[in-house]
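Below: the structure, in structure tokens.
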């Protein structure tokens, strides 16, 4: 008698009788469940750092320059149309660049150097060959800029444009810095400025809105008019073509400095401070008066009736490096290459923002959520 | 004056003035263009094999067991809903398994062993947490089966379900086998049987059609009735949960045999023979009477009024290994572990199928195309 279920239906069963929407557990909840399910991996031979940091780390055999083991790091990050970007205002070349840069940023966040990449492209049928080539051009530019080589990939059709990049990097094991490792008293520092990528996104969205409503031609600065992109060139560039801070990783190596903890700012300062807090079992005090904010970020915030501090704390996508350092180490670094934004404290103090009046308020982890 | 284009519009320009549909160049055409665009990568330090084989190969430092360099291989393959699978008849657990297995197969096709994986999931909002966990379970089972560990990943929302897996494997450089390397006179051999995954797909599609048209309950075997899945359990399993032939890779190592050329059968025997032909600048004669075809494959072909040889030559997704071997090496292998399907010949003979009457017909590369 015909049977519509496979004979081995039991082993193949989906457990899909219940339906809990993914939104109930969120992206981080799903990743936690994946890690739980794949927990045995943590004990895999040669694995130094598994799921949960910016990249995984494993020994590859051979010794590094200082006698410690040579390790590779691997990380993967995908950009999905309609979730991470909107093709109406993101040029494909910028998209290709960004897909590589965000992965290089994860490698930098382990204090390692990128070497090889694989690129998986899901191409919708409304993308032309010329469009795909613009994407490739951006990928190639970023690879050239950061010194890595695309060595493999997969290209397939897809309803929406998807770019998934995996990057393999290398380091001496002794150089690797994880999110854990910060100690109370350490300075909390950041490379570059914060909030500019979020400001740039607001500028791009406003430009799109104005185009949609036909307001792009209006030059009087009235509500609904497109912002002058030339005025906001810096923040727009920060959003479209973020830079991975490999330059800082190299400067630290030259200065003989190894941060005690390190994470890249993809989800906003508040979230990343929580990541360091959780991984290192420490607290963090961020000084609201010390946030490094670019003048265009401040101007954009003013324009959109927002607070620049909110862009910096919650905006995300800046891809700067947040790191901790014992105070005694600070003099070894060029002060132009970083800003001190706070301090690591005892875990019971939590993650807090110090206001100009000296009061402390709890800082809630937040940032761009794709669910 | 407001300006709707970014100030650096020129460097970000998409070159999207022309619109050539991707279908005009196809997947392989796009990959060729990507390779051309990223051609410099071929000269990357430590790179042994770049884009164009089943996996890329790079030296990682340290020496292998035989004194040759230790190398890693990396490969990536994505499964996209609506392109590679249909959730109405593919259980999520099988999908998780397959996403890992097809990448392990690419590692096996370099004569290497898998070690680490990263998994990128694009989850649509009609997938439940329970569904995602079934997917994870399949991923975990395949990783356990093939001895690799998931060490990282990315989880994001997506309009359609996307699973992109990257696997890193290892080997001694002297053990690596590429698609090139076959010599005229070498035997053309394959592990396992061919065409069963295609047969399984036909069985699943017929079951789906029957359900769609309400014919699933009909047991008379008439047109439109669902096939008895128990009768076709083997071919259905071959389609849903293909096995990567790491077992053969290990047997070759134990027997002291190194194939001269190697590729996995993902696109069908005809396509893979062309891959060996192009990479090695050789021809190949496939003997139509020597194709290893499982009895269920033959029965399915009969049921669907198709030819089993066509499933074997063009069906794809069998994930068996197609390899070449000097005739003198053959006695070292257990004859139960492979079938000889033809011979490597001079390049001017092309890739041909020898018919039972002795005539030769050109074999056209074909198989599942996703464009």
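Don't overthink the numbers, they just go from 1 along the chain as shown.
Cβ coordinates come from backbone N, Cα and C, glycine included.
Residues within less than 8 Å, Cβ to Cβ, of residue B:264 (Mg(2+) 3 binding site) and separated from it by at least 6 positions along the same chain comprise B:54, B:105, B:106, B:108, B:109, B:244, B:245, B:272, B:319, B:320, B:321, B:322. The Mg(2+) 3 binding site annotation in TrEMBL covers B:54, B:106, B:264.
Annotation comment: TrEMBL describes B:54, B:75, B:106 as Mg(2+) 4 binding site. Within 10 Å of the C-beta atom of residue B:54 (Mg(2+) 3 binding site) sit 27 other C-beta atoms, taking all shown protein chains into account.
Per TrEMBL, the feature Mg(2+) 1 binding site maps to B:76, B:77, B:154. In the three-state DSSP classification, residue B:154 (Mg(2+) 1 binding site) falls within a strand.
DSSP assigns residue B:106 (Mg(2+) 3 binding site) to a helix in the three-state reduction. The Mg(2+) 2 binding site annotation in TrEMBL covers B:77, B:106.
Residues annotated as substrate binding site in TrEMBL: B:84, B:317, B:368. In the three-state DSSP scheme, residue B:317 (substrate binding site) is classed as coil.
In the three-state DSSP scheme, residue B:179 (ATP binding site) falls into the coil class. The ATP binding site annotation in TrEMBL covers B:136, B:153, B:154, B:179, B:266.
Under the heading Mg(2+) 5 binding site, TrEMBL lists B:267. In the three-state DSSP reading, residue B:267 (Mg(2+) 5 binding site) counts as coil.
Residues or ranges marked as domain 'PurM-like N-terminal' in TrEMBL: B:52-170. Residue counts for the domain 'PurM-like N-terminal' (B:52-170) under DSSP, helix first, then strand, then coil, are 35 helix, 53 strand, 31 coil.
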Notebook entry, point to check: Per the record, ATP is bound by B:136, B:153, B:154, B:179, B:266: how many Å separate the farthest pair of Cα atoms?
Noted result: 32
Next item on the list: Enter the number of other CB atoms within 10 angstroms of the CB of residue B:136 (ATP binding site).
Entry: 23
Checklist line | Integer Å distance between the CA atoms belonging to residue B:154 (Mg(2+) 1 binding site) and residue B:266 (ATP binding site) | finding: 26
Next item on the list: Can you check which residues sit near residue B:153 (ATP binding site), meaning Cβ under 8 Å from its Cβ, same chain, 6 or more apart in sequence, and list them in order?
Entry: B:118, B:119, B:120, B:121
Item checked: Spatially closest candidate among B:75, B:154, B:179, the listed binding-site residues, to residue B:84 (substrate binding site) (Cα to Cα) -> B:75
Margin query: Below 8 Å between Cβ atoms and chain A: which of B:54, B:106, B:179, B:264, B:266, B:267 make it? I'm asking about the binding-site residues.
Written below: none
Item checked: Number of other Cβ atoms within 10 Å of the Cβ of residue B:76 (Mg(2+) 1 binding site) across all protein chains -> 27
